[in-house]
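So that you can see what the record holds, here are the features copied from TrEMBL:
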DOMAIN    277-447  domain 'DNA primase large subunit C-terminal'
BINDING   Cys286, Cys366, Cys383, Cys423  [4Fe-4S] cluster binding site
REGION    455-507  region 'Disordered'
COMPBIAS  467-479  compositional bias 'Low complexity'
COMPBIAS  480-492  compositional bias 'Polar residues'
COMPBIAS  493-507  compositional bias 'Acidic residues'
Amino acid sequence: MEFSREKRLKARLAGDRRDLYPHSLQFYLQPPTENISLAEFENFAIDRLKLLKVVENLGVSYVKGSDEYKSRLEHEIRKLKFPFKALVEEDYDARRKDHISHFILRLAYCQSEDLRRWFIQQEMDLFRYRFNELNGDLVEKFLKYVNLSYGAISKEMKEKLAVQLLNSTSGLSGAKVEELEFYKVPLQDAMDLFRVRRVYLLNAFAYVPQTDIVAIVLNNYRTKLSKALALTARSLPAVQSDERLQPLLNHLSHSYVGPDYSIQKNIGKISLEHIDALSVKSFPLCMRQLHKALRDNHHLRHGGRMQYGLFLKGIGLTLEQALQFWKSEFIKGKVDADKFDKGYAYSIRHSYGKEGKRTDYTPFSCMKIILSNPPSQGDYHGCPFRHSDPELLKQKLQSYKIPPTGITQILELVKGMHYQLACQKYFQLTHDVDDIGFSLNHPNQYFAESQKLLSGGREVKKEPSEPESSQQKLSSQKSTNSCSIPISSNTEADTELEGLDAYFTED
């Protein structure tokens with residue numbers, strides 16, 4: 001017997017499953033208790049990180065709550081199959097994914113203050129968007145669900161207090177007062193609104209319009225989430241003792257998901273004679289900095305050789321070309337040919353998988369560069385947006401002919417710890433585009449997208465209105481830690497990369 005789609009959905013949501021997730025919006029107060037596979041564990045985490053990364057990018061590029069912001073975020077939520085329209089009845093799988101993935105990322109992002117701050121900010125922005133999609137009835141239903149006893153006042157009470165509500169609530173007309181729901185909230189929960197005189201007070205209660213109730217709910221959510229992350233951090237050692245989860249959690253906030261740049265699609269297509277020109281046109285700032293240091297000093301210390309060598313491998317240099325490139329530069333300095341062949345050549349062959357474990361090592365992602373092995377005196381590796389002094393970064397950008405307004409925008413992003421977004425802005429300015437059309441997560445991605453653009457393989461997008469002007473609001477978002485956080489499903493390769501370090505220790 002075949003069921004209609006509607007009956008199948010009702011059957012699927014019958015009983016305990018429906019009770020488990022009565023609403024698709026929640027405060028994540030109870031952790032999941034079911035068993036899931038490691039594959040599902042990792043896939044859920046990856047998808048939520050993708051979503052939070054989009055939330056972060058959109059929050060910087062567009063005015064939060066604008067039509068463009070909401071449209072793009074809605075598209076991403078639908079694509080990743082998270083709950084979209086809150087409280088619909090047919091999205092059990094999406095609700096389950098939302099619930100489990102949130103708690104997985106808690107385990108990964110409770111480990112440092114920077115990670116906690118980033119996670120809280122993106123979760124808050126996601127929650128704000130989803131809450132604002134609720135209508136009046138659903139807001140009340142949700143408030144009851146999370147035990148916030150903020151009841152909407154009756155129509156009679158609203159008519160009685162119409163003048164006071166109009167005078168105490170900025171930006172409202174008499175017609176809007178009639179249309180809006182107002183909630184009776186204890187004063188202690190509405191102190192932020194009270195301080196800026198946005199609510200009417202009567203008998204120790206604040207009368208809060210629906211447009212402002214989200215601020216109170218968000219404050220409550222932030223408090224609960226902050227405490228939950230602190231508790232999770234204390235219990236993390238017990239979780240990490242599980243040898244199945246420990247590698248996943250250790251790499252979840254540092255790694256990368258995206259194209260595998262160890263697979264050299266352009267192998268042999270890059271000429272050594274073109275590298276100087278490519279470094280100016282198509283290298284991200286981190287690699288341009290390393291290339292210049294190598295040309296100037298005829299040497300790079302091991303951190304720089306690892307970062308730059310694997311990048312060059314990823315853009316298409318063959319092993320033979322890499323050996324020739326490094327040798328020709330090093331022998332111009334203090335390293336003679338014999339010393340290079342005996343010491344440095346082995347490490348290059350090792351990085352190409354021809355020595356040692358014969359592992360084909362992957363170029364570093366943005367997150368690995370930002371979060372691992374910070375440069376010390378005499379080093380040139382790392383992320384210039386993360387590791388450079390702002391004044392030195394400004395001078396460097398000026399020397400590369402970045403316009404003053406662009407430098408200001410980049411420095412604002414750096415100040416807000418939006419390092420990858422600062423690199424995206426650098427791409428826009430050096431390629432004269434206003435919308436690069438992708439989220440930047442990898443230096444080799446930067447090179448590939450640059451080459452597509454310069455060769456006419458990708459359409460140039462010009463959007464001079466909202467995204468550009470919205471950069472002016474960055475100063476209000478300084479609390480966001482934008483170590484943009486994509487992750488990798490290949491934790492084994494990232495673990496093995498640590499072994500490569502030993503072969504680059506000779507300076």
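The backbone N, Cα and C atoms fix where each Cβ goes, and this holds for glycine too.
For the [4Fe-4S] cluster site, the Cβ centre of Cys286, Cys366, Cys383, Cys423 serves as reference, and the other residues of the chain with Cβ at most 8 Å from it are Pro284, Leu285, Ile369, Ile370, Pro384, Phe385, Arg386, Tyr419, Gln420, Pro443. Taking Cβ-Cβ distances under 8 Å and a sequence separation of 6 or more, the neighbours of Cys286 ([4Fe-4S] cluster binding site) in its chain are Gln307, Ile369, His381, Gly382, Cys383, Pro384, Pro443. The 10 Å shell around the Cβ of Cys366 ([4Fe-4S] cluster binding site) contains 27 further Cβ atoms across the protein chains shown. Summed and averaged per residue, pLDDT over the domain 'DNA primase large subunit C-terminal' (277-447) gives 92.
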